[in-house]
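Novice: There's a structure below that I have some questions on.
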Ligand SMILES: Nc1ncnc2c1ncn2[C@@H]1O[C@H](COP(=O)(O)OP(=O)(O)OP(=O)(O)O)[C@@H](O)[C@H]1O
Ligand SMILES: Nc1ncnc2c1ncn2[C@@H]1O[C@H](COP(=O)(O)OP(=O)(O)OP(=O)(O)O)[C@@H](O)[C@H]1O
Ligand SMILES: [Mg+2]
Ligand SMILES: [Mg+2]
């Protein structure tokens, strides 16, 4: 990788930790793999001294708070954080900041002002789904909404965005809403349960990781296939490709790229390097459309998630862009 | 007078020993932990767990089990971060009501002779639902006074240690020294003999449940004091942690054999085990598994305890 | 009249009654148009709870304190490893199945080893074990979703004469379980152990052997359910077992099996599994939010146990 | 004339069809010790429960100091100074001695109760059992049976606010050795002399005669005789109780088993245990001195915990049937067949017809009184439950039968039948190891081991098996 030599001297003795709260799905696994790959090279190249990843046993804010406190003790210079809760870690994050540690949160960001945030506009992600559908189905129709895990921030945000979209495009009506917990099988079960009592569905708005489950349930019920917005998982893309080839099925797919962990890594490195960085950065979500489906599918690991990994240069671009 | 080491002392010695060994290992791996701030960081999240463990221990002392502990603490956390900080009066009222519900569960379980496992399983859904209604998305704000208490910096020892000691002493006093505690443990040990002495077992069980409710409420409040805000899923794992804590501390599922000091030590041990693992830098794949392994190892020490105790008895 | 009396005292009747009520309330929303679709969906998804529930029931029958919390992790490990091994190849279906079952056997053996040799209470032993198994699943599979072989995918998602195939599998397993419990020595023995372990020992029952077999049986059923579920939902996921932890316990208890042990009930598991699926569907259909849905579920569980339970003295 | 502390008149209590008390009237005067004797199940414990308020009679009145007490219950009784030492242990094993004292004395509460409880119990222990060596902060579960019984008795006599006035002792000496029993009885006499009252229940008749001032004999829920103690002899009591005259009639002929092979053996400290083929070996001694442990050990050493055995080596008849005998949720049929399922099944599948048939045969043979073997086990009376357990064991093919005081609650007629069955089976080569608390049964054995403090201290055979010899060795540990 091409790296500006100036950075080498400044951060080569710095240690960065990744605090992750969940490893139980393909997205998180891709995130960890990307981290491993990119930071491994960076450590080898001497950009930073260490970049260790930590995962808690259970998806719980309390456990992650303890993990962050341990990182403080371990003397890391920066903590890159995918948070279980936007607020419940604030106590621990504040302690880290007070200890002089740089905290960069991404994906699941934290609201503590001392931390940096690399956020995805989840609301916009929800709204854009309805916008896409309004172009695809100008006359509108009934929508089925699949939500994530109740009581979690991301779920609430995307759902709010979707409802905003429906307000903007009143030709759509949400006739059913189920919680799929971002899991294929849970979504499949929930959709199968509500489907029999729903009228004809024109579109399914989702949160990622649940599109294929919905498609399975709808196919099993022998219903006409609505436009299901996908979430960048390989199985979703593959299914879409099959449908596209067979029946010219059209849809779009949107999600946050797991490789954003590597962007957060580089941002942390830049901050350690002394760069002036704004507290709030935004990364675009990764969107796949009808025309670039094949291209993205080819790049995606079987059973994985469509991904983008970032370089130091990308990070600098994002930082500069925010100024 | 032939008095050897009492069974109670041995019961307490093993948990204390395993905590000491673990602490030694942590200090060795991470000398920085050996400081005022270090100890606080290691242990402050153990405070709510210790309180929840005491609550679970009270339920276990009357031969019952509470599978709703985690969701209840989450619910309390949500109440604390919303009502208690905005409308303290209503907040206190809701929490008092929650404690009353706990007492009532004790009454219902006793009167209808229901299995506590199932009733609490049902209640876990109810508390979770209420928590989601209160906080559909994470948020809320810890009341200022709670935050102040939890981040206090007392002289000599950090807050986490002071709080753990206070919890252990208070719980020891209530459960092991007070008349009520004796009565509750008596119900666990031999319900009939308590009845025959003219006590109301119903009242004793209700009291045990209510006390458990109080400790669980304190767990929720102190948790929010540390995290500053709450969410509906914040303490789900407290259910199993609290059971494991009681067992680690030398308690037993039936027979009213419990130890509050042991339970607090158990909670500290569990928390420390997590830190120990993260200092070991195990590969992320196996970090979860290592938690299981360490639980097994510490519990296997109990086998040793039982052997010692039996030898002592047979003597 | 006596017939009615006897049926109303059968412990499984409450779960069937509740399932029927909820089913009826749900189809009424569409004026009955959704009857077939809902019934098929219910049978399909209940099948998985039934399979894991039966395993859990055998363990719970062993008496107070016996429970297997490693069910979800076992499902996940069996599903992920089997699908990875089969790698979309129809010829590998049998080896995949055998691997899944071997995983179940290994988990069951380790569970009981912890319980017996280290005297760890089952609830903690199986919990610790589940962490280790979950780690193994992460390590082997790294979260990749590999598709099932096409034959299995078709088999698990299609119906025979309108009845979902997975529910037929569950039916076969239920019949076997019922036969084991009602007709064989093994069934008598686990019931005896559950009622009083000391008495069972003194009656010459090989208590340890039977408990061991039962834990293995439960883990094998969990791994089988994991295998089927992974094929059904188009790939194994690391979190696919999660919801079967509480589910497996809830269906057993709601189905009328005594928590205090010794008394198990196969038909009740069917009623309870259908009920657990249908209640979520009903509340979804009526558009209730997650909060109310959870509260209702909890209250319904407590009501059922109040109606059906409280008969046995000394039940815990 | 002083008024009676408690006066129950015409009390009736029945449990289902069993008339436990059928019109009993009993008045306890201050300063007297009433001895209460009667056969098993005569209703002694039941009248005790009525007097201490634990059981409200279905009919009859209860007077205290001559006044009718309308709502008599545990607390009313305790307020009058009525205390009870129960037949079975009723302390909380997980609590210390002084915490148990706290439970017993409701009025001991308030700050510093520990100190007061300690004083109360230690004063009482010191007076009754000087040199007892029981620290009041020890956990009851860690005490030996004798120590527990001492604690329980001392607790009953202790004064924790309400002075004791009437103390009921239900078989208090069953686990005490002779000197402790003497200490206790001496204290009873002192207590009575100082104006207190005692009801003493015991099966050891000389205790009753020497300690009581008045003796009441119960039989089948009624009082059948009542006289001052001086007017009774042991034989007179036995006759009044209606027990069958025991004697050589039941004695089995002495057989020569020297040639028979040894089938079970257990070597511990003390005399080694051996039983030969076809032998009936008795385990005697005071209750709780290791007889049941020995049976458990014998069972465990030849039991199969992991793999089912085709041919069971031993089988077991429980005495404590609630703990290790009965399967409560099951029918009589299933309870009967559980130990012999191997013989009733082919390839693991139970043959229902064979099971029903076998059960029918045993129902006839041992006269289990039930209309239908499919009824629940708990619908049987205790004695009939015990018969089912007998049938369960005898129906197996095991060559050795271990019996843990199995005749508890079995009526006299059935006992004789069971004795006969045992004799027959022994003649056919079965070995019986029989722990019994009833002397009559011990005397039926070919050979008897006497236990004391967990070890065998004496072995008696043939004519040496007599009540005096057994009693002598169980207290002194020397073979006669
Ligand atoms: N709770 C009960 N339920 C049913 N029957 C009972 C109950 N309690 C006592 N009985 C019956 O009442 C009768 C009297 O019992 P009780 O315990 O008073 O006898 P006892 O004279 O104390 O005998 P022992 O000498 O064996 O102690 C017995 O037939 C017994 O089975
Ligand atoms: N039907 C029953 N329900 C509950 N407890 C019972 C029942 N029958 C007996 N018991 C309990 O068992 C104890 C001992 O009973 P016991 O052996 O004296 O039976 P029993 O009535 O004397 O038998 P039998 O009438 O055959 O002589 C009783 O004190 C009582 O507590
Ligand atoms: Mg009695
Ligand atoms: Mg009797």
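Each residue, glycine too, has its Cβ placed from N, Cα and C.
Fair warning: this is a prediction, and the values are worked out from it, not measured in the lab.
Feature annotation from TrEMBL assigns transmembrane segment to B:12-30, B:36-55, B:67-84, B:90-109, B:116-136, B:156-175, B:206-228, B:234-254, B:261-280, B:286-305.
What does the local environment look like for each feature on the list?
Specialist: Through the fold, the transmembrane segment (B:12-30) approaches residues 38, 42, 248-250, 259, 261-262, 265-266, 268-269, 272-273, 275-276, 279-280, 298, 301-302, 304-305 of its own chain, all at least 6 residues removed from its boundaries and within a Cβ separation under 8 Å.
Beyond the ends of the transmembrane segment (B:67-84), by six or more residues, the same chain brings 48, 52, 55-56, 90-92, 94-95, 98, 117, 120-121, 123-128, 130-131, 134-135, 139-143, 146, 213, 216-217, 219-221, 223-224, 227, 229-242 to within a C-beta distance below 8 angstroms of the stretch.
Beyond the transmembrane segment (B:116-136), the same-chain residues lying 6 or more positions past its ends with a Cβ under 8 Å from any Cβ of the stretch are 59, 64-68, 70-72, 74-75, 77-79, 81-83, 105, 108-109, 230-232, 239.
Tertiary neighbourhood of the transmembrane segment (B:234-254): same-chain residues 11-12, 14-15, 18, 48-50, 52-53, 55-57, 60, 63, 65-71, 73-74, 77-78, 124, 188, 219-220, 223, 227, 261-267, 269-270, 295, 298-299, 302, 305, selected by CB-CB distance under 8 Å and a gap of 6+ residues from either end.
Within the chain, the transmembrane segment (B:261-280) has long-range Cβ neighbours (under 8 A, six or more residues past its boundaries) at 11-12, 15-16, 18-19, 22-23, 25-26, 29-30, 33, 42-43, 45-46, 49-50, 52-54, 56-57, 164, 167-168, 171-172, 241-242, 244-251, 287, 290-291, 294-295, 298.
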Novice: Sequence-remote contacts (6 or more beyond its ends) of the transmembrane segment (B:206-228), Cβ cut-off under 8 Å?
Specialist: 44-45, 47-49, 51-52, 54-56, 58-59, 61-62, 66, 69, 72-77, 79-81, 84, 95, 98-107, 110, 140-142, 146-147, 149-151, 163, 171, 174, 180, 183-184, 187, 234-235, 238
Novice: Grab the same-chain neighbours of the transmembrane segment (B:36-55) for me: Cβ-Cβ under 8 Å, and only residues 6 or more beyond its ends, written as numbers and ranges.
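Specialist: Distant Cβ neighbours of the transmembrane segment (B:36-55) are 26, 30, 66, 69-70, 73, 150, 157-161, 163-164, 167-168, 171, 211-216, 218-220, 222-223, 226, 235, 238, 241-242, 245-246, 249, 260, 263-264, 266-268, 270-272, 275.
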Novice: Hey, which bits of the same chain come close to the transmembrane segment (B:90-109), Cβ under 8 Å, at least six residues off its ends?
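Specialist: Residues packing against the transmembrane segment (B:90-109) from afar: 62, 64, 72, 75-76, 79-80, 82-84, 116, 119-120, 123, 202, 205-210, 212-214, 216-217.
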